[in-house]
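*Asks:* Pulled these features from TrEMBL for this protein:
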COMPBIAS  258-267  compositional bias 'Basic and acidic residues'
COMPBIAS  271-307  compositional bias 'Polar residues'
DOMAIN    18-121  domain 'Ig-like'
DOMAIN    126-215  domain 'Ig-like'
REGION    258-327  region 'Disordered'
TRANSMEM  223-246  transmembrane segment
Amino acid sequence: TRSLSITSLDQSMFEKAQGEKVTLPCTFVLSEEDEGPLDIEWVLIPADNQKKEQIIIMYAVDRIYNHYYAAMTERMQFTNPDPRSGDGSLDILNLKSADTGTYQCKVKKAPGVQSQKIQLTVLVRPARTKCSIEGSQEIGKDVILKCASQEGSPLLSYDWRRVSGTQELPATSMLNKNTGELLLKNASQDYSGTYSCVASNRVGTDECSVELNVTPPINTAGIIAGAIIGTLLGLSVLAFLVFCYCKKQREKKYEKEVHHDIREDVPPPKSRSSTARSYIGSNRSSLGSMSPSNMEGYTKTPYSQVPSEDFERAPGQNPTFAPSKVAAPNLSRMGAVPVMIPAQSKDGSIV
């Protein structure tokens, strides 16, 4: 004979959205035969049967113990602060997707023992839904409108609608509710307008929109020709700039070479003084080596004229000097050493 009985057996499955609150029911009725201490225990049964059950909260000996499960320590509590009244229901606050699982309520009061299992599913609402357009928005082309949610528990469903113009989808449109794609075949300018997509699941919805603008085909040939012409003009300008730069560099280099060039093949011009010294030195050496027999021509050489660059001229251009009776120059002033010149007497003897 059962003295203890659980009365909240009508609902054993719950679906809630993330962030909401849920109350897992566990009400019971005691009888006069139940004389032992009252114990109420909530456990989480893991999906893997090989793992042990996890105690999350417990009422025993008139005290509540809720430190067994750290993931819910601050988010769970008994619905009734005094479970002895026959209500051992559990409140879970701010639900998370990780809270999904099977929960079991165990009520003990000797000699009665009863338990109840409840399945909890925490769903995530659709969120961060984005709309996009794939394909060329030209007349006669096929256009695909895409819709996808970044968050949301399956199964997600998508639905498109037109929010401008006739507010009806084109007759050639094809919708896939599972993927969120809307195909518009053979688009025309009448298809232009604003389209909205609604993503939904069992706990919520989210929405996005996109603007479709169907235009005539673009003259691709003209664009390509313009691009080619622009490229050629750009290359021409670049080549001209390079040419001007190279020309300027060559001119600078030529000016620098002309300014610093020293021609080594042309000897420097001789001065009048150096020419005179070389002439006198050559005559001095010649006088020193002459014999009496060949001195007659040199005695007639005039010394009254100073040598100049004329001696450097070609033989055909040298001027001839007429012999004159002029006193011999003072050789000591010219840096020459006096030389005694022998003379021949009438009888043939040398004086």
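We count from 1, first residue shown onward.
Cβ atoms are placed via backbone N, Cα and C, with glycine included.
Owing to the predicted nature of the structure, the values given are computational and were not obtained by experimental measurement.
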*Asks:* What are the DSSP helix/strand/coil residue counts across the domain 'Ig-like' (18-121)?
*Replies:* 9 helix, 49 strand, 46 coil
*Asks:* Going along the chain, which residues at least six beyond the ends of the transmembrane segment (223-246) come within the CB cut-off of under 8 Å?
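*Replies:* For the transmembrane segment (223-246), the far contacts come to none.
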*Asks:* With DSSP, how much of the domain 'Ig-like' (126-215) is helix, how much strand and how much coil, in residues?
*Replies:* 3 helix, 51 strand, 36 coil
